[in-house]
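Written below as structure tokens is the structure these notes are about.
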Amino acid sequence: MPDTVSQKQGETLIPVKPEIAARAHVDAAKYRAMVEAEAADPEAFWAKQAERLTWITPPTRIKNVSFRGDVSIRWYEDGLLNASVQCLDRHLPARANQTAIIWEGDNPAESAHITYAELHERVCRLANAMESLGVKRGDRVTIYLPMIPEAAVAMLACARIGAIHSVVFGGFSPESLHGRIEDCSSTLLITADEGLRGGRHVPLKANADAALARCPTIRNVIVVRRTGREVPMQPGRDHWYHELCAAASPTHTPAAMGAEDPLFILYTSGSTGKPKGVLHTTGGYMVWASLTHQLVFDYHDGEIYWCTADVGWVTGHTYIVYGPLANGATTLMFEGVPNYPTVSRFWEVVDKHKVNIFYTAPTAIRALMREGEAPVKKTSRASLRILGSVGEPINPEAWLWYWRVVGEERCPVVDTWWQTETGGILISPLPGATALKPGSATLPLPGVKPVLVDANGVVLEGATEGNLCLVDSWPGQMRTVFGDHERFKQTYFSTYPGMYFTGDGARRDADGYYWITGRVDDVLNVSGHRMGTAEIESALVAHPKVAEAAVVGMPHDLKGQGIYCYVTLKTGVEPTEELRKELVAWVRKEIGPIATPDVIQWAPGLPKTRSGKIMRRILRKIAANETENLGDTSTLADPTVVEDLVANRAV
Ligand code: PRX
């Protein structure tokens, strides 16, 4: 072990580095002071945090929250502001010529620097163009774009006019795009001719056309020319982005939005039903995005910051666009993938743009770790100062590799736990304040109040393990499920009344450190992508040859979790290898490649209770090959079903 690492309670403990603490926004003493300040006078503490934004009318009503009854979450509710002004206009006096976005193309020969002045102008032009198409405050705009600067421009242009954006990940299928447009009745879609990832072309416009065949609410489509591939343009509906923007004015007066006016909807999977439209509003979200970006990454002026997520996920929203830009940072946006053209790509980009702060997902770290140290070591990485991880639990082995090989034991690793619903990071080390333990997300941010509860909702004290809840609100919390407040209450506040239930399990050690163990509901986390088993099941049963399906997660070395499907075919249908391939392709087509099943096992029957409920606990054990101890099977309607499934495990 290197001498910076000491052992405590059998766990590795890596102390805060004095040189990091010395210049950090928050050191250990400041962290404690912030926690105490919030506890002593929450109103004053949260009012002070809001001062980091530029308000048109500063808020006087700070917090107005109830986790009971109808559940109402309001922050800074009488304040007026515009999110795009936080990210653009207010920086212009000092930073007009500073790079706001560094764009690194899929092809290493392509990159661009966009200054704050240029980004401001592009956003103004698109905002004017959207208004000229009749888009108004409160309208929904769906964004289905690759990782190009226009994605950030589109989000900020919506924010500028008060339209609510709904970004749909470019890897989703026409069917998934259709569902997300229909649910929020968008009137405008912004897409591109094609995307480019790892040298492969993604037919975005073709996918959009397929989806739009059944989306009557969409009146206009704005198409960004990315690859130049010829795509059909429907007259009257489809418009070229570059033509609209060239004709539009380069200045625009931003809308004055209420703090609780919606900023965006982002669809995410739950344990039941179709994806939910998580709704975030303007004031609280912007406070949280900007505060957490500064504290967790210890962002200092002039630093180059790179989050490798896609803007189609919440990480891209908060930590590529809103957080960094609100802080006047230089944010890097990467179109490509970690292993194209080579597995050194991440580190080559770090060297090319002198990246100081690097934020990625455990699945990428594990995949690169498998390639050995040489592809990392041939690069310098001397610019790196802080490393971050997000999206799924990071195993200590991957954590230590990241720390030792990538960061050369120089860069603190911040393992950040949060969710689409939380808007921003809730549990994470702060580089200058928190001693690290590989595999632990460590401590809550100031003002964040996690608890662990048992199955009955009893709050557990001390070192323990349980279901992770939050007993009080923070400004970045989601406000509702778009169009379905009842579902919001049911999903998050009914399991343990009076608390927000995260759906995650966690352990807390004797130092109060949190170790997230993963989802305790029927949500899968495949390579950091969140997916409901119910969605994959409904895709499978939509196939004409499938009678019934049950989907569970299985342990997977690279992806964290893999997708294991039990499929019962209709009577008379032969289970063939060809059909297996057809079903895998079917799910990819219905949802998108991220939902590709890893295993399909033919199941003549599924284990059910006498009341007909599928016993997923048993299916999970079989998938994990833990068939020795299947637990209590006495409630099974037909025990032979399980024997058959065990005997015919697919892997
Ligand atoms: O299970 C947790 C896992 O990802 C879930 C949230 O997924 P999503 O809404 O897509 O947001 C991902 C990016 C914030 C959580 O319920 N998760 C996220 N970060 C971590 C994590 N699990 C363990 N450690 C993390 N750092």
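Including glycine, each Cβ sits where the backbone N, Cα and C put it.
Listed in TrEMBL for this protein:
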- 31-87: domain 'Acetyl-coenzyme A synthetase N-terminal' (DOMAIN)
- 92-470: domain 'AMP-dependent synthetase/ligase' (DOMAIN)
- Arg197, Gly198, Gly199, Arg200, Thr315, Asn339, Ser527, Arg588: CoA binding site (BINDING)
- Gly391, Glu392, Pro393, Asp415, Thr416, Trp417, Trp418, Gln419, Thr420, Asp504, Arg519, Arg530: ATP binding site (BINDING)
- 535-613: domain 'AMP-binding enzyme C-terminal' (DOMAIN)
- Val541, His543, Val546: Mg(2+) binding site (BINDING)
- Lys613: N6-acetyllysine (MOD_RES)
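Taking the features listed in TrEMBL, we show where each one sits on the structure.
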| residue | record | Cβ contacts under 8 Å, 6 or more apart |
| --- | --- | --- |
| Arg197 | CoA binding site | Asp106, Pro146, Glu335, Gly336, Val337, Tyr340 |
| Gly198 | CoA binding site | Asp106, Gly336, Val337, Asn339, Tyr340 |
| Gly199 | CoA binding site | Asp106, Asn107, Tyr340, Pro341 |
| Thr315 | CoA binding site | Cys307, Ala309, Tyr359, Val390, Gly391 |
| Trp418 | ATP binding site | Val390, Gly424, Ile425, Leu426, Ile427, Ser428 |
| Arg519 | ATP binding site | Gly503, Asp504, Gly505, Asn525 |
| Val541 | Mg(2+) binding site | Ala547, Glu548, Ala549 |
| His543 | Mg(2+) binding site | Glu582, Leu583, Trp586 |
| Lys613 | N6-acetyllysine | none |
From the binding-site residues Ser527, Val546, Arg588, pick the residue whose C-alpha lies nearest to the C-alpha of Pro393 (ATP binding site).
Ser527
Round to a whole number and give the Cα-to-Cα distance in Å for the pair Arg200 (CoA binding site) and Thr420 (ATP binding site).
28
Which secondary structure state does DSSP assign to Thr416 (ATP binding site), in the simple three-class scheme?
strand
Filtering Gly391, Thr416, Trp418, Arg519, His543 (binding-site residues) by proximity to ligand 1: which pass a Cβ cutoff of under 6 Å to any of its atoms?
Gly391, Thr416, Trp418, Arg519
Among Arg200, Arg588, the binding-site residues in question, whose Cβ has the most other Cβ atoms within 10 Å in this structure?
Arg588
In the chain carrying Ser527 (CoA binding site), residues 6 or more apart in sequence that have Cβ under 8 angstroms from it:
Ala361, Thr363, Glu392, Leu558, Lys559, Gly560, Ile594
DSSP three-state assignment (helix, strand or coil) for Val546 (Mg(2+) binding site):
strand
Cα-Cα separation of Thr420 (ATP binding site) and Val546 (Mg(2+) binding site), in Å?
32
Could you round the CA separation between Arg588 (CoA binding site) and Val546 (Mg(2+) binding site) to a whole angstrom and send it over?
16
Return one of helix, strand or coil for Arg588 (CoA binding site), based on DSSP.
helix
Would you list, in sequence order, the residues of this chain other than Val541, His543, Val546 that have their CB within 8 A of the centroid of the site's CB atoms, where the site is the one recorded for Mg(2+)?
Ala539, Leu540, Ala542, Pro544, Lys545, Ala547, Glu548, Ala549, Val567, Leu583, Trp586
Measuring Cα to Cα across Arg197, Gly198, Gly199, Arg200, Thr315, Asn339, Ser527, Arg588, which the record gives as the CoA binders, how far apart are the two most distant ones in Å?
24
